[in-house]
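J.: Straight from Swiss-Prot, here's the annotation block:
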BINDING   Phe12, Ser13, Gly14, Gly15, Gln16, Asp17, Ser18, Ala19, Thr20, Cys21, Leu22  ATP binding site
BINDING   Cys200, Cys215, Cys218, Cys221  Zn(2+) binding site
Amino acid sequence: MTISSNTALVLFSGGQDSATCLAWALSRFDRVETVGYAYGQRHAIELECRETLRNEMAAFSPDWKARLGEDHTIDLASLGALSETALTREAEIGLSENGLPNTFVPGRNIIFLTFAAALAARRNARHIVTGVCETDYSGYPDCRDDTIKALQVTLNLGMDQRFVLHTPLMWIDKAQTWDLTEELGGQKLVNLINRDSHSCYMGDRTHQHDWGYGCGTCPACNLRADGWRRYQQSRPSHGGAA
């Protein structure tokens, strides 16, 4: 089987980071497909946001519409059933005994990327794009650069492929992620992702803030709000640095 050197598969949850990664991929590759996962997450509303974002991205420019390919959703309910975490159970968000946030789903990104690689092999895609980062993240060990590099080696050895795992957000924070969004598509794309992506762990799409929708109190909302505030402060029109 010949793997296309210019086809990408984006892990696309419907959140800010993965939406930015989708725009990044559409700016670089000839064909881009997306994959999302249903794993019993409390914020399953993000899966509904995926379709809206894909439609908006396709309408963003003729080039992006031509490049955007098929969407895939994979059922990983067993992952949620195994995980006693605040993302998959009705539990108060806090720290676990090991010091990690109890929103950490053990092995989630490793499993996501493994399934993505299996799908990429079937879809003849060499490039796999994920929005993990270790700049202003929650301490999840499967978001670290070392983990992703090790996994790339493992997947290529185990599947006899030459996949490239791309992490365009690995070394930038949430404010810089908005900068990247603006660089990719101007204020129009910033507004699109602000309005239609979802970050809130509580699945709240009823309360709208200047940074997007969410409960405004969970760690994901706090991180997004802080990133938006710093992004706005850095813009010349708001008196920040150029």
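Glycine is treated like the rest: Cβ placed from N, Cα and C.
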J.: Using the structure shown, find which entry in Phe12, Gly14, Leu22, Cys218 (the binding-site residues) has the sparsest Cβ neighbourhood within 10 Å.
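T.: Comparing Cβ neighbour counts within 10 Å for the binding-site residues Phe12, Gly14, Leu22, Cys218 gives Cys218.
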J.: Apart from Phe12, Ser13, Gly14, Gly15, Gln16, Asp17, Ser18, Ala19, Thr20, Cys21, Leu22, which residues in this chain have a Cβ no more than 8 Å from the mean position of the Cβ atoms of those residues at the ATP site?
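T.: For the ATP site the neighbour list reads Val10, Leu53, Gly131, Ile193, Ser197.
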J.: Spatially speaking, which of the binding-site residues Cys200, Cys215, Cys218 is closest to Gly14 (ATP binding site)? Use C-alpha to C-alpha, please.
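T.: Closest by Cα distance to Gly14 (ATP binding site) among the binding-site residues Cys200, Cys215, Cys218: Cys200.
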J.: Other than Cys200, Cys215, Cys218, Cys221 themselves, what residues in this chain have Cβ atoms within 8 Å of the centroid of the Zn(2+) site's Cβ atoms?
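T.: Not counting the recorded site residues, we get Ser199, Tyr201, Met202, Asp204, Gly214, Gly216, Thr217, Pro219, Ala220, Asn222.
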J.: What same-chain residues, at least 6 away in sequence, bring their CB to under 8 Å of the CB of Cys215 (Zn(2+) binding site)?
T.: Cys200, Tyr201, Met202, Asp204, His207, Cys221
J.: Which number gives the other C-beta atoms within 10 angstroms of the C-beta of Ser18 (ATP binding site), all protein chains shown included?
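T.: Within a 10 Å radius of the Cβ of Ser18 (ATP binding site) lie 25 other Cβ atoms.
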J.: If you count the other Cβ atoms within 10 Å of each Cβ, which of the binding-site residues Gln16, Thr20 comes out on top?
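T.: Answer returned by the neighbour count: Gln16.
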J.: To the nearest whole angstrom, state the Cα distance for the pair Phe12 (ATP binding site) and Cys218 (Zn(2+) binding site).
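T.: With distance taken Cα to Cα, Cys218 (Zn(2+) binding site) is 21 Å from Phe12 (ATP binding site).
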J.: List the Cα distance (Å, whole number) between Leu22 (ATP binding site) and Cys218 (Zn(2+) binding site).
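T.: It is 25 Å, counting Cα to Cα.
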J.: If I take the Cα of Cys218 (Zn(2+) binding site) as reference, which of the binding-site residues Gln16, Ser18, Thr20 has the closest Cα?
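T.: Ranked by Cα distance from Cys218 (Zn(2+) binding site), first place goes to Gln16.
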